[in-house]
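Q: After the structure tokens below, expect a handful of questions from me.
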Amino acid sequence: MIKIHDKNFELYLSEKEILDAVKRIAGEIASDYKDEIPIFVGVLNGSFMFVSDFLRHYPHPCEVSFVKLSSYRGLTSTGIVETLLDVPENIEGRNVIILEDIIDTGRTLQELVHMFSNVNVKDFRIASLFFKSDVYNGEYAIDYFGMEIPDRFIVGYGLDYMEQGRNLRDVYQINKAHMINLVLFGKPGAGKGTQAGFLKEKYNLKHISTGDVFRYNIKNDTKLGQLAKSYMDKGDLVPDEVTIDMLKEEVEKNPDASGFIFDGFPRTTAQAEALDNFLDSRDMKIDATIALEADDEVLIERLLERGKVSGRPDDQDETKIRNRFEEYNQKTAPLREYYQAQGKFHSVNGIGNIEEITGRLSSVIETLC
Ligand code: 5GP
């Protein structure tokens, strides 16, 4: 792991892996252009190492030149591409091969193609050492590339983060802040709410209780609230997509959270799948599902006590309580299996004092950090 300015990066590609890719591109181009004298045009600054190693492995006559553009400020592409060093002279009628270090959205490439479009070259091709194919949305097909890489910011081997890191021989990938996303299960009275309250403070998590989210949306008459209400008014169940959309909003409202505690959702395996798909689309995942377990008889005693104080009628009737437990058992059994199959299911003893239980939950969470 290395630190550049404020960011941590972890080793991603070794010098050898990079050089193998460079040699491969040089070999491919050499076999296509062995009967020509191409001009290789390196795109500064990032491609200087690539151009240098490429030329060392290019076995036939060739020329080299450079252009300079700039579209990155820090970690994200600004979309503004400036020309700092223009198209080389005397390239009319020549075979031009652009040597790019990395192609991301393709904006820079589009500008390059445009820069060369006024010149009557014999042919024009693009070679890029790294290619972020998932985010590339240009029209131009990349003729040669060394490696397809995911959409994560990299440094080293000519590539910089705020001008540093270009001299690294290996390539490093930015370390994404590790998130902890939990699903909390527990029978009524198991202390889920209390524990979620402690965990969210301790780990900077956002507690998303589906019940609260529903009540919030309905109370504030949001579009999703109105939609949910339209089903509830007819006595129908709110479809999973509506609930998922509400959760999406909650997740998006909290970009700084170090993770989320999902409470009250999922309740079915279909919902668990929908949640997985949604999180996957945000490059997130559930790290653990924790069930706060407690013996029914202990919980009944707790709930009856709570009922005496709160006056909540469903906490005062033992038969009703047992029915709620039964419903919980039936509903969570398939979910248990679902998360067990992913190796994410943990069960925690919910009997004891509050700090003891927080301690048990924390030891599960700390295995994930
Ligand atoms: P595009 O215009 O294709 O979005 O971005 C291309 C330019 O952005 C590259 O020439 C490079 O300067 C910069 N760039 C794109 N992705 C990365 C990356 O992961 N790391 C670094 N250091 N620069 C990048």
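Glycine is treated like the rest: Cβ placed from N, Cα and C.
Heads up, TrEMBL stuff is auto-annotated, nobody curated it.
Note that this is a predicted model, so its numbers are computed, not measured.
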Q: Kindly point out which candidate in GLY138, GLY259, GLY352, GLY359 is recorded by TrEMBL as part of the ATP site with GLY189, ALA190, GLY191, LYS192, GLY193, THR194, ARG306.
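A: Looking at GLY138, GLY259, GLY352, GLY359, the one TrEMBL places in the ATP site next to GLY189, ALA190, GLY191, LYS192, GLY193, THR194, ARG306 is GLY352.
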Q: Apart from its near flanks, which chain residues at least 6 from the ends of the region 'NMP' (209-238) lie with a Cβ under 8 angstroms of it?
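A: Tertiary neighbours of the region 'NMP' (209-238) are 193, 196, 245-247, 249-250, 262-265.
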Q: Which residue among the binding-site residues THR194, THR210 has the fewest other Cβ atoms within 10 Å of its Cβ, if you could check?
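A: With the binding-site residues THR194, THR210, fewest surrounding Cβ atoms within 10 Å: THR194.
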Q: Among the binding-site residues ALA190, VAL238, whose Cβ has the fewest other Cβ atoms within 10 Å?
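A: Each of the binding-site residues ALA190, VAL238 was scored; lowest Cβ tally within 10 Å is VAL238.
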Q: Restricting to the chain of GLY352 (ATP binding site) and a gap of 6 or more, list residues whose Cβ falls under 8 Å of its Cβ, or answer none.
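A: Expected: ARG360.
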